[in-house]
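What Swiss-Prot says about this one:
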type	residues	note
REGION	1-450	region 'Sulfate adenylyltransferase'
REGION	23-30	region 'G1'
BINDING	23-30, 102-106, 157-160	GTP binding site
REGION	81-85	region 'G2'
REGION	102-105	region 'G3'
REGION	157-160	region 'G4'
REGION	451-623	region 'Adenylyl-sulfate kinase'
BINDING	Gly459, Leu460, Ser461, Gly462, Ala463, Gly464, Lys465, Ser466	ATP binding site
ACT_SITE	Ser533	active site, phosphoserine intermediate
Amino acid sequence: MQSVIAYLKQQEIKPLLRFITCGSVDDGKSTLIGHLLYDSQCLAEDQLADLTVDSQRYGTQGEHIDYALLLDGLAAEREQGITIDVAYRYFDTEKRKFIVADCPGHAQYTRNMATGASSADAAVVLVDARKGLLTQTRRHSYIVALLGIRHVVLAVNKMDLVGYDQQTFEAIASDYLALAAKLGINQVQCIPLSALEGDNLCKRSARMLWYVGPSLLEYLEALEPADVDLAAAMCLPVQWVNRPDSQFRGFTGTLAAGRVRSGDGVVVLPSGCVSRVVRVFNGDTEVHEAVAGQAVTLTLADEIDISRGDVIAATDDPPEVADQVTAYVLWMDDTALLPGRRYWLKLGARMVAASVSDIKHRVDVNTQEQRVAQRLQLNELGYCQLSLDAPVAFVPYARNRVLGSFILIDRQSNATVGAGTLDSGVHCASNVHWQPLDIDHVARARIKGQTPKVLWFTGLSGAGKSAIANIVDKRLHALGYHTFILDGDNVRHGLNRDLSFTVEDRVENIRRVAEVARLMVDAGLVVLVSFISPFRDERQLARERFAADEFVEVFVDVPLAVAEARDVKGLYAKARAGLITDFTGIDSPYEPPQHPELHLRADQGTPEQLASQVLSLLGVEGK
């Protein structure tokens, strides 16, 4: 029993190193990790037995063990002989514990590689000695640099296939050191090895006596990862407001930087309220001091409104607070990122609505060149400006990974669609404030004797939106209502004449119209908006500009065949002939509303009958 306790204590104090392996397809990443696991005797007997069987069934090494099969766990990976998902493995030696991520080499899985790199202390970049640096080598090295991994190993693999030639290794090492210098990677260890044969993997190889450096495992065991900067100003992202009873109110989270003691002055962000730390807890134990990386609970001297997602920070050098930020964004979804489209941005425990207001440039991660872009496709990286609905506290990623990284979440599916690293805040509008007005929208509506709202008519071209809206407008006007129609065609003659019909410009088209409609509702009007508005995200954006009872979505539904048969403007014929591109229903999608306030079947009634349904919904039909 004592030996077990001693072993567990030894495991507790062993330092942990997280590292990734990356590089081009078939450079031997999975083989390298598998051989490390095998040589470090971290495999159970049943795993060894399974490996022998799998090597015969799936292996690529003839009668020999195929170490890569320890990592390639998906059936698709084994059948294709490639890595698709990020495979995490744990192993340890007498000196250290390791968590290693085997990242896929194919370009289409760059998002997976970035996921693995986000928490790594070091990166092992593999290069095939026969091929030298390839496009994916440069791509992965750029992402390694972008994500702030400071320790990089260049593992020139398959040296057995070039006769363990020194000149081949030195030429590749020279090329990579030049690339690393360009990317700002300063700490690079170049190691020649053979993952298959085990040369320079766990111990020095007799086949390469010309190499005087450490083996890969020796280097990783001795590596000192970047220590948490305890000299940095204290930052605590609040994950939980801890109130076990009415006598105790603490704020719990993991310290992202610095150290904290009782008596320290703090500021709460983004509110800016100032207080003082009274007590510090690590778990249930009150402590004098806590440092970065520890989970803590703080109590403060003052009753301050603090919620999950707020940041408690030292007063001398607090994080920046902004609602406009610049960041590198790696797009991870099949549907492109579009400026103006709204997402959830999750930074630590804080969640705010956000949109990309501008893509400054797209980065060609193969060449590091900056290119003009109007959207970001899957696996593309862009330098963007983001607009947030509320200010957030952050630290640039180069200084703090926790408070400098975020993810973007699709508001409809809740899928993670992007990841980013924050660069700086944009304060171009920090001196712009709301001007208080004595006459508000309630007073304007009262004098008109009506309840202002927006009727948002959406549907395919030719569905009858404009005709129905026009009839509703005439009937409301006859009843003494103050109304205005914003029609899609008419607005494009003035306000939106600079916009095309690309997906990007359609997003901006709806954003502008929603803002104009909001101003008109504030003026006390009943606004009828007649736009195709094909995308749910943009209609949701419009809805969020209004109070819950001010927005009425009217879906004018008609089969595409019926709308195309009408074709009053001849647009469908032109789209079919290829004279018009990005035409809704033909080569651009229409996303029907899921829960409209009113669903009109436009092929089952006249415009007058359908208009009556709208008026009935408003409670004015028959007046």
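The count begins at 1 with the first shown residue.
Placed from the backbone N, Cα and C atoms, the Cβ positions cover glycine too.
Where Swiss-Prot records a feature, it is marked here on the structure.
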residue : record           : Cβ contacts under 8 Å, 6 or more apart
Met159  : GTP binding site : Ala129, Asp165, Thr168, Phe169, Pro192, Leu193, Ser194, Asp199, Asn200, Arg207, Met208
Gly459  : ATP binding site : Lys465, Ile532, Phe555, Val556, Asp557, Val558, Tyr590, Ala602
Leu460  : ATP binding site : Ile532, Val558, Leu560, Ala563, Thr584, Gly585, Tyr590
Gly462  : ATP binding site : Val558, Val562, Ala563, Glu564, Arg566, Asp567, Val568, Lys569, Leu571, Tyr572
Ala463  : ATP binding site : Val556, Asp557, Val558, Ala563, Ala602
Ser466  : ATP binding site : Phe457, Asp487, Gly488, Asp489, Ser530
*Near the ATP site, what residues other than Gly459, Leu460, Ser461, Gly462, Ala463, Gly464, Lys465, Ser466 in the same chain have a C-beta no further than 8 Å from the centroid of the listed C-beta atoms?*
Ile532, Val556, Val558, Ala563, Ala602
*Where the distance is taken from Cα to Cα, which of the recorded positions Ser461, Gly464, Ser533 turns out closest to Gly23 (GTP binding site)?*
Ser533
_Tertiary contacts of the region 'G4' (157-160), as residues 6+ beyond its ends and Cβ separation under 8 Å_ = 27-28, 32, 126-130, 168-169, 192-197, 199-200, 207-208
*Report, as a single number, how many Cβ atoms besides its own are within 10 Å of the Cβ of Lys465 (ATP binding site).*
29
*Closest of Asp26, Lys29, Cys103, Ser461, Gly464 to the residue listed as 'active site, phosphoserine intermediate', Cα positions, binding-site residues only*: Ser461
*For Ser533 (active site, phosphoserine intermediate), just count the other CB atoms lying within 10 A of its CB, please.*
27
_Going by Cα-Cα distance, which of the binding-site residues (Asp26, Lys29, Cys103) sits nearest to Ser461 (ATP binding site)?_
Cys103
*Cβ distance under 8 Å to Gly464 (ATP binding site), same chain, sequence separation 6 or more: which residues?*
Val556, Val558, Ala602, Pro607, Leu610
*What is the number of other Cβ atoms found within 10 Å of the Cβ of Ser461 (ATP binding site)?*
26
*So which one is it: of the binding-site residues Gly23, Asp26, which has the fewest other Cβ atoms within 10 Å?*
Asp26
*10 Å Cβ neighbour count around Lys29 (GTP binding site)?*
30
*For the region 'G1' (23-30), DSSP counts of helix, strand and coil?*
2 helix, 1 strand, 5 coil
*10 Å Cβ neighbour count around Cys103 (GTP binding site)?*
27
*Reported in the order helix, strand, coil, what are the DSSP residue counts of the region 'G4' (157-160)?*
2 helix, 1 strand, 1 coil
